[in-house]
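These features come from TrEMBL:
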{"type": "ACT_SITE", "residues": "S247", "note": "active site"}
{"type": "ACT_SITE", "residues": "D273", "note": "active site"}
{"type": "ACT_SITE", "residues": "H418", "note": "active site"}
{"type": "COMPBIAS", "residues": "55-80", "note": "compositional bias 'Low complexity'"}
{"type": "DOMAIN", "residues": "149-429", "note": "domain 'AB hydrolase-1'"}
{"type": "REGION", "residues": "21-87", "note": "region 'Disordered'"}
{"type": "REGION", "residues": "183-213", "note": "region 'Disordered'"}
Amino acid sequence: MTETSTAHAMSELQKKWAKARLGSQALGQPPAEIPTATTLPVPEFNEADEDKNIAGPSPGGFPFDDDSSSASSVSSTGTVIPSPGRALFARPQGFASRSMDPIPWTTYFERELFLKDEAGPENGSDNKPLIVTHHAYLTSPVDKGPLFVTHHGAGSSGLSFAVLSSEIRKRLPNAGILSLDARGHGSTTITSNPFPEGGETAEDQASPPPLDLSRSTLANDLFTVIQLTKTVMHWPELPPIILVGHSLGGAVVTELAKSYRLGPSLLGYAVLDVVEGSAMDALQSMQTYLSTRPTGFATLKDGIEWHVRSRTIRNSTSARTSVPGLLAPVEELQRQQLQQPRGVAGTEGTAKPWRWKTDLAATQPFWEEWFKGLSKKFLEARGGKMLLLAGTDRLDTELTIGQMQGKYALQVFPEAGHFIHEDLPEKTAIALVDFHRRNDRSQLVLPPKVSDLLAQGKRV
């Protein structure tokens, strides 16, 4: 049945119902029920199924949606003709019908890790010893599968890569994903050593050191998390590794790749939507953006809804998964601030008790250092290289020349916002899996050595 004939059939049904209703009222009988065509049954409404009809299935049974403004609006004067397969009498589509309930991390990851690093005083200021308890999410690789190690951007958390991790494993089932919370983010904590050499004064306890978020410190943290994970999981050796970093995380994975501390285990690294030139320009308006961002939310659902409505994250499933890692009740933050270094979010007032875990404004001293010299390091570091951008206008001169010389792979997703991996997890996963396959050394077939051929009596 075509859309035109469907509309015509519905018009005839409406006319019959109107006549039957008027006739029954004239005879003093109760009004007749609305007739329904046997070919067009009215299903029981289910919001999850409704969203699936819009965007198709997704990992964990949660829907993806395109969140475009045209997808959730129709003309108030136009006629809406239902397409085949859609429920004719279902609740109208729109933002209000979408669930904003948080999605637990267990939907996407196998386990969470708390990795204690007691490396010593180099992590603190004025040689004060600190204990960093790194928090990370892990799904272990199977057999000789690769390990995608991800690092989020400033203000985000390891859950930023949750939906992407599921999409990767759908295409590469033996792959593992390790996604950490950087210091000062998510559930990673920093405490002062309770038994420092020489003791600690009351003044020291009352005045914790500033949070060190320098690029070199974050790169060292990333390396430490990888090594501690290997130890905790009893891996005999590191699996083949693909580093993936978004925004600030892109600078961190580039720093680690350039150091070659991972040795031959590193297959390559992918940087998501950050280049030196545009990043440095964007810093000029960062404070303006932060001043317009809400300081808190009445509920966690409100925080998720704000991220979707403001199109900060354009995929509601990603927002429902990652936003819970960005906010915490004010009471929890106040308890953490008793031991955390300066730089976590403020907690003044309780009108909106859900507050940001990370105070982005306090990270300003590191902004320029994060991205300075990034393009050169990206091109010089060893291993395969891939850059995923939301627009070609983000390329600076150095990267443009490097791309023309074939020094790295480039993919552009113009329909995405800054959070490419959250807005388009499926497309990002396809790009990353293809990137791994191009750099997978286990699939290389080397030609035989000439000496071996001669020893076998073969002619060369």
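Even glycines carry a Cβ here, placed using N, Cα and C.
Remember, predicted model here, so these are calculated numbers, not experimental data.
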Cβ neighbour count within 10 Å of D273 (active site): 24
Alpha-carbon spacing, H418 (active site) to D273 (active site), which is rounded to whole Å: 6
Cβ neighbours of S247 (active site) where a neighbour is any other Cβ within 10 Å: 25
Mean predicted confidence [pLDDT] for the domain 'AB hydrolase-1' (149-429): 89
Surrounding CB atoms that lie within 10 Å of the CB of H418 (active site), all protein chains: 18
